[in-house]
Amino acid sequence: MKSILWHNLKLCAHGDPNDTIADAAIAVNGDGTIAWTGRASDVPAGYVHWPREDLRGAWVTPGLVDCHTHLVYGGQRADEFAQRLAGASYEEIAQRGGGIVSTVRATRDASEAALFEQACARLRPLLAEGVTAIEIKSGYGLELASERRMLRVARQLGERFPVSVYTTFLGAHALPPEYAGRADEYIDEVCERMLPALADEGLVDAVDVFCERIGFTLAQSERVFEAAARRGLPVKMHAEQLSNGGGSALAARYRALSADHLEYLDAAGVAAMRASGTTAVLLPGAYYFIRETKLPPIDLLRRHGVPIALATDHNPGTSPLTSLLLTMNMGCTVFKLTVQEALLGVTRHAAAALGASDRHGSLAPGRQADFAVWPVSTLAELAYWFGRPLCERVVKGGVTVFTRDAR
């Protein structure tokens with residue numbers, strides 16, 4: 001590609017709507033990295049005569065980052081939605097053989113090609129909203145062959161689509177039916193066979209565990225973290241979603257990239273996360289969809305300076321959501337985040353939750369030129385509108401990969 005000077009734009013380079021430039025320009029090198037950003041009046045002489053692209057006064061933000069998804073799976077769980085409307089809880093449905101395990105059955109039965117095609121349909125609307133990086137977890141196979149198939153599909157999505165895909169091995173997502181009553185033995189399988197094999201195949205960027213009374217204990221979760229550490233892999237945790245089990249403090253002890261959900265997080269967990277630099281990933285779509293009533297401790301997170309990220313948590317059972325903009329709206333309306341917190345939560349802080357701050361979440365010299373173009377008057381509109389397509393253009397590595405006539 002050729003070097004380009006993008007101009008006539010309003011720039012929010014670091015995901016903070018309180019830190020912007022009204023008349024800005026972005027110089028992008030031929031290799032797709034950013035050469036310079038700043039005021040249009042300050043363009044260095046070396047870039048002034050580069051070919052230009054006029055963005056007609058639109059806002060530019062870093063490409064959005066969806067840092068927690070379960071995008072690859074078989075089937076759907078609309079029947080459970082009806083059960084919840086009739087009064088059944090998430091835990092009750094799981095105890096009846098529904099929940100995660102029902103998706104495990106559908107995923108095990110699906111071919112790799114079928115999983116790929118279904119995942120493509122879920123990914124496309126996210127890309128059209130300006131998402132340029134996404135995390136995709138396994139965890140609906142719960143045995144080696146199916147977990148491998150899920151992670152292979154995630155890698156294929158990154159090859160087919162203009163999006164950076166970060167894979168997370170979530171073998172410790174639920175107890176498979178064949179291991180009923182033998183959770184410790186299943187953790188043996190996860191740590192001694194599944195993780196080593198998948199890591200050796202280059203399919204794993206990070207390791208996650210569902211630490212909850214319907215998931216795995218602290219001791220079992222720690223075994224998974226130890227196995228990840230032996231492989232030099234970063235960890236993250238589904239923690240404190242349904243109860244306060246101390247998972248966030250354990251995650252912090254292992255310097256986890258993130259602890260996610262966190263409705264029942266307490267002050268000790270918040271302090272531990274602050275000390276370890278662990279990002280709090282909040283998932284308002286799941287909170288809304290399962291009609292949770294316990295809010296995450298937003299004020300505690302703010303007071304301790306814990307970075308807050310937002311993600312869709314796309315999954316078939318508790319958050320069949322394919323809109324990061326709607327997630328921003330929910331973060332503001334349900335969790336009472338500010339627009340500033342919401343936008344940082346899907347850019348800079350979301351990148352930190354993936355351990356990818358050097359590549360995503362901010363527009364600075366040397367980083368990938370991944371950005372989204374928004375023909376709006378104020379960045380608050382990104383969280384204000386819902387159900388309305390706002391993104392006019394997506395640029396990935398300096399190349400336009402999506403356009404919509406939004407004016």
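Note: Cβ is positioned from N, Cα and C throughout, glycine not excepted.
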Site co-member for Fe(3+) according to Swiss-Prot, given His68, His70, His238, out of Asp299, Asp313, Asp358: Asp313
Asn315, Gly317 bind N-formimidoyl-L-glutamate per Swiss-Prot; candidate in Tyr47, Tyr140 listed for that same site: Tyr140
From His7, His14, His173, His360, the one annotated by Swiss-Prot with Arg77, Tyr140, Gln241, Thr318 for 4-imidazolone-5-propanoate: His173
Candidate binding-site residues His70, His238, Asp313, Asn315, Gly317, pick with smallest Cα gap to Arg77 (4-imidazolone-5-propanoate binding site): Gly317
Those binding-site residues, out of Tyr140, His173, Asn315, Gly317, Thr318, that come within 10 angstroms of His238 (Fe(3+) binding site) at the Cα: His173
Under 8 Å by Cβ from His173 (4-imidazolone-5-propanoate binding site), counting only residues of that chain that are 6 or more apart: Ile100, Lys137, Ser138, Gly139, Tyr140, Leu142, Asp208, Val209, Phe210, Gly215
Which of His68, His70, Arg77, His238, all binding-site residues, has a Cβ with the fewest other Cβ atoms inside 10 Å: Arg77
